[in-house]
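A.B. asks: Take a look at this one; I'll ask things after.
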Amino acid sequence: MGDVEKGKKVFVQKCAQCHTVENGGKHKVGPNLWGLFGRKTGQAEGFSYTDANKSKGIVWGEDTLMEYLENPKKYIPGTKMIFAGIKKKGERADLIAYLKSATS
């Protein structure tokens, strides 16, 4: 997949303002991402999701994240994630590699 260290930099630059990754981490504007892989959309306990996120019904994995992170509002219309997305596939792959290591 991608490079974990490069992915950590992407996370810090583009995601950490709204998300945490550690076990027991608090929700910010976006949900804590611990346990992300294998979890259905809209299921982080204690976070207030939109109906669009709750009803999307997909399971987060490398493929679904690759598509979602390119254009979140296209993948889940009605999401409250205000992030425009990451157009570079390599950057998305690095971020996903980091998320896989940091959230489990």
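Quick reminder: no glycine exception, Cβ is built from N, Cα and C everywhere.
Dumping what Swiss-Prot says about this protein:
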type	residues	note
BINDING	Cys15, Cys18, His19, Met81	heme c binding site
MOD_RES	Gly2	N-acetylglycine
A.B. asks: Do any residues at least six apart in sequence from Met81 (heme c binding site), in the same chain, have a Cβ closer than 8 Å to its Cβ, and if so which, in order?
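C.D. replies: Result: Cys18, Gly30, Pro72, Lys73.
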A.B. asks: Taking the Cβ of Cys15 (heme c binding site) as reference, which residues of that chain separated by at least 6 in sequence fall under 8 Å from it?
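C.D. replies: Gly30, Phe83, Leu95 - these are the non-local Cβ neighbours of Cys15 (heme c binding site), listed in sequence order.
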A.B. asks: Quick one: pull the CA-CA distance for His19 (heme c binding site) versus Gly2 (N-acetylglycine), whole Å only.
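C.D. replies: His19 (heme c binding site) to Gly2 (N-acetylglycine), Cα-Cα distance: 20 Å.
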A.B. asks: Please work out the number of neighbouring Cβ atoms within 10 Å of the Cβ of His19 (heme c binding site), leaving out its own Cβ.
C.D. replies: 21
A.B. asks: Heme c site residues Cys15, Cys18, His19, Met81: biggest Cα-Cα distance, Å?
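C.D. replies: Site span for heme c, by Cα atoms: 11 Å.
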A.B. asks: Considering the recorded positions Gly2, Cys18, which residue's Cβ sits among the greatest number of other Cβ atoms within 10 Å?
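C.D. replies: In terms of Cβ crowding, the pick is Gly2.
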